[in-house]
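First comes the structure, then the notes that go with it.
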């Protein structure tokens, strides 16, 4: 009886948490290449400030890099943000174990929206070994769940500067898959339609191709918006000399909103922010939707607008200069009633020297499918094997059997059906491949004591998917695979459908992601399977720690 009562209370609480009140700011929606207020259809320009310090708050001696979880600090800073005419803050990492309600309400009451990065330093797509895994997807979903019911959440970034030059463009396929899956998750959970986008660096070799890549394809795969961290205008420059004219011409045909996800070059100090007049002026507002100044807090990189000493705030010259510029803008405004959205589609970039990401995207991570596969194995890794030893085992086994079933290659657009599983599940899969290839005797499942035999089982809900995928894990499972028990229904596929730290003039060290190239041949996929495990291991450890901290009722520090 008590359980039923608690369940009803929990259901009611969840319902009311998702209901917007009269005091909530209107949600921001995307129409064509612009943002609009949902209540009256007037255009929304981002007047943003990056708002996250390396040591945003401290709890029990642990540094928690989450400014939205410290009401004392955010309530202190909101009046200063309002002096800067701020209507958006960007937050780079979220600690989902902490409470954000007080700060989010205070920001709402000040008419300030939030764009939150889904990644964090320990849970992001690694540009050197890109993967899109169950653990990473679960981490992103937790951030969505934490903030979805706040109407002043403008959107989410699924990555920040993951691809940062032409050598690691393949990583963008994994970020685009994250955008696709997070957006679908938002829909599946019946949350309001919250935009999901990407924040890029301004690399001359890749910027146009990368923008086209994230803007191309069907609505279910392309980004809802695109940010570029722009540091071209330094000191007393102008629209043409700075490069702004060229960038505006390059992005004029985008059918999604584009804005500066960071800006504010500090090669000349104090910063004058004369670019503000140009950004919100007639030369740029047809294409650009504003920008986010980097950054609020003064740190060693000297990008701060204010310095903080305890609870005292001191405004710097940059603060005064930016305030003077941002408070005199008056951009032209469109309205959804008269606005005609851009309908022209952007072509996905062809692969070549400066672009190597395939339009075929990684499959949607499905933990239930991984559980099905693991239960169907006869030979599995022993529980007492240290995860630090996995790489050695992968290297040896993948020289003996084809590990394509657990590999992911963003260049070739080839992804094993189990490429999103945990390293332990993947290791068991390839151990079982070796065991069966070698004859299936007990000695074939030894691996110097690292493996053990189990009774293989296949649940009825698993059999069809496992049969279609095949013993090597390289085929696709058609249709929706409902594997129940805490997993989402998704299409298990080895080829998912779809179209696809700066110096003084750069961005924050809290940038969320870094990643790399996978090879396409069978021999390369063996090597890739071994190297991809390193990124996955970090995610497994991080997720386990978070789970333990939640169970113990303690906060977890994102550092």
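Cβ atoms are placed via backbone N, Cα and C, with glycine included.
Sequence annotations record features per position, and here Swiss-Prot assigns active site, proton donor to 161. Residue 161 (active site, proton donor) falls within neither a helix nor a strand when secondary structure is assigned with DSSP, and so counts as coil.
The feature active site, nucleophile is assigned by Swiss-Prot to 262. Its own atom aside, the Cβ of residue 262 (active site, nucleophile) has 28 Cβ atoms within 10 angstroms in the protein chains shown.
A 10 Å cutoff on Cβ-Cβ distances gives residue 161 (active site, proton donor) a total of 26 other Cβ atoms nearby, all chains included. The (1,3-beta-D-glucosyl)n 2 binding site annotation in Swiss-Prot covers 161, 202, 207.
Per Swiss-Prot, compositional bias 'Low complexity' is recorded for 484-526.
Within 10 Å of the C-beta atom of residue 103 (disulfide bond) sit 23 other C-beta atoms, taking all shown protein chains into account. The disulfide bond feature in Swiss-Prot is assigned to 74-103 (among others); the stated evidence is similarity to another entry.
Residues annotated as disulfide bond in Swiss-Prot: 216-348 (among others). Annotation note: residue 216 (disulfide bond) sits in a coil segment as assigned by DSSP.
According to Swiss-Prot, the disulfide bond annotation covers 234-265 (among others).
Residues or ranges marked as disulfide bond in Swiss-Prot (evidence: similarity to another entry): 370-421 (among others). Using a 10 Å Cβ-Cβ cutoff, residue 421 (disulfide bond) registers 28 neighbours. DSSP classifies residue 421 (disulfide bond) as coil under the three-state reduction.
The disulfide bond annotation in Swiss-Prot covers 372-462 (among others). Of all the Cβ atoms in the protein chains shown, 23 others lie within 10 Å of the Cβ of residue 372 (disulfide bond). Residue 372 (disulfide bond) carries a helical DSSP state (H, G or I).
According to Swiss-Prot, the disulfide bond annotation covers 379-445 (among others), on the basis of similarity to another entry. Residue 445 (disulfide bond) carries a helical DSSP state (H, G or I).
Swiss-Prot lists 398-403 (among others) with the feature disulfide bond, giving similarity to another entry as the kind of evidence. Taken residue by residue with DSSP, residue 398 (disulfide bond) is part of neither helix nor strand, so it is coil.
Positions annotated as N-linked glycosylation site by Swiss-Prot: 40 (among others). A simple way to gauge crowding: the CB of residue 40 (N-linked glycosylation site) has 10 other CB atoms within 10 angstroms, across all the protein chains here. Residue 40 (N-linked glycosylation site) falls outside any helix or strand according to DSSP and counts as coil.
The annotation N-linked glycosylation site is assigned in Swiss-Prot to 57 (among others).
Per Swiss-Prot, the feature N-linked glycosylation site maps to 95 (among others).
Annotation source Swiss-Prot lists N-linked glycosylation site at 149 (among others). Within 10 Å of the Cβ of residue 149 (N-linked glycosylation site) there are 18 other Cβ atoms, across all protein chains. Under the three-state DSSP scheme, residue 149 (N-linked glycosylation site) falls in the coil class.
According to Swiss-Prot, the feature N-linked glycosylation site maps to 165 (among others).
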Problem set entry | Separation of alpha carbons, residue 161 (active site, proton donor) and residue 421 (disulfide bond) (Å) | 25
For this session: Write out, in the order they occur in the sequence, the residues of the chain not among 161, 202, 207 that have a C-beta within 8 Å of the mean position of the C-beta atoms of the recorded (1,3-beta-D-glucosyl)n 2 site.
Result: 164, 200, 201, 203, 206, 210, 228, 229, 230
For this session: Out of the recorded positions 161, 202, 207, give me the one sitting nearest to residue 265 (disulfide bond) by CA distance.
Result: 202
For this session: Consider the disulfide-bonded residues 74, 348, 398, 445 and say which one has the Cα lying nearest the Cα of residue 207 ((1,3-beta-D-glucosyl)n 2 binding site).
Result: 348
Problem set entry | Cα-Cα distance linking residue 216 (disulfide bond) and residue 103 (disulfide bond), given in Å to the nearest integer | 36
For this session: Check the Cα-Cα distances from residue 372 (disulfide bond) to the recorded positions 165, 216, 253, 283, 409 and tell me which is shortest.
Result: 409
Exercise. Measuring Cα to Cα, how many angstrom lie between residue 202 ((1,3-beta-D-glucosyl)n 2 binding site) and residue 161 (active site, proton donor)?
Worked result: 9
For this session: Have a look at the recorded positions 40, 161, 321 and say which one has the shortest Cα distance to residue 409 (N-linked glycosylation site).
Result: 161
